[in-house]
Amino acid sequence: MTEPGASPEDPWVKASPVGAHAGEGRAGRARARRGAGRRGASLLSPKSPTLSVPRGCREDSSHPACAKVEYAYSDNSLDPGLFVESTRKGSVVSRANSIGSTSASSVPNTDDEDSDYHQEAYKESYKDRRRRAHTQAEQKRRDAIKRGYDDLQTIVPTCQQQDFSIGSQKLSKAIVLQKTIDYIQFLHKEKKKQEEEVSTLRKDVTALKIMKVNYEQIVKAHQDNPHEGEDQVSDQVKFNVFQGIMDSLFQSFNASISVASFQELSACVFSWIEEHCKPQTLREIVIGVLHQLKNQLY
């Protein structure tokens, strides 16, 4: 049975086995359905059955069996409904595959991938920060060294003097350090020399202070007794005092000295000075000589 509104000239009606046998009545349509079912089963089966061609078909194509064979192998044997349905299913499957692939490709990154990306970015930024900090510290260190060498050239006088062997070239760091070392050694020697001079001057100051005190006492004693010392002492009396002191010292000197060798003489002289030339011993000798002269004069 044809659909309402379909004309006999419709290609789908001509191509369909049911439409081709539309004029044969109910029996023809049933045969057409059975033939279409068998052909559909043969198409869906994994291996189509082999059709046997009668021997008479080779010579006479008008045989009914030959007509069936030709119909089975003709293009009109395909059911348009099956073709449309298979085409629709294939398009649906291909569309589903394309949607699945698109959805799979458009799946967003997971949390693990995002965390890995952020960790890598943090590591890169941390390395960059460390590299920049290291570069800045190295630049500061070099600037400090350069300023130190410039200060040395300014402070050390020998670095400021022009060396004819070098000419107008800039002094190298090795030359600056060597000149600085030489200048520091020179300053140490000068400091030691000045310390020795200061020590000598301090001793002189101490001796002058002692002499000042003694002179002040003499002046004070003369002011207290203005008439004392008016009578002058003769040169003979002075010589007698000196002679008495020397005679006493010579006696002890002659008893202590040995002239066997120069070394023994030197040793004896030093030992005699340390023993008989002490201030207390000399004072006793002078007082004894003055008492003797006083008794002789008065």
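Glycine is no exception: its Cβ is also placed from the backbone N, Cα and C atoms.
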Check your understanding: Which of the listed positions, SER62, SER74, SER94, SER252, does Swiss-Prot note as phosphoserine?
Key -> SER74
Review point. From 140-160, 161-181, 203-223, which range did Swiss-Prot mark with region 'Leucine-zipper'?
Key: 140-160
Review point. So which of SER42, SER77, SER125 shows up as phosphoserine in Swiss-Prot?
Key: SER77
Check your understanding: To which residue among SER91, SER98, SER103 does Swiss-Prot attach the annotation phosphoserine?
Key -> SER98
Point to revise | SER7, SER16 - residue that Swiss-Prot labels as phosphoserine | key: SER7
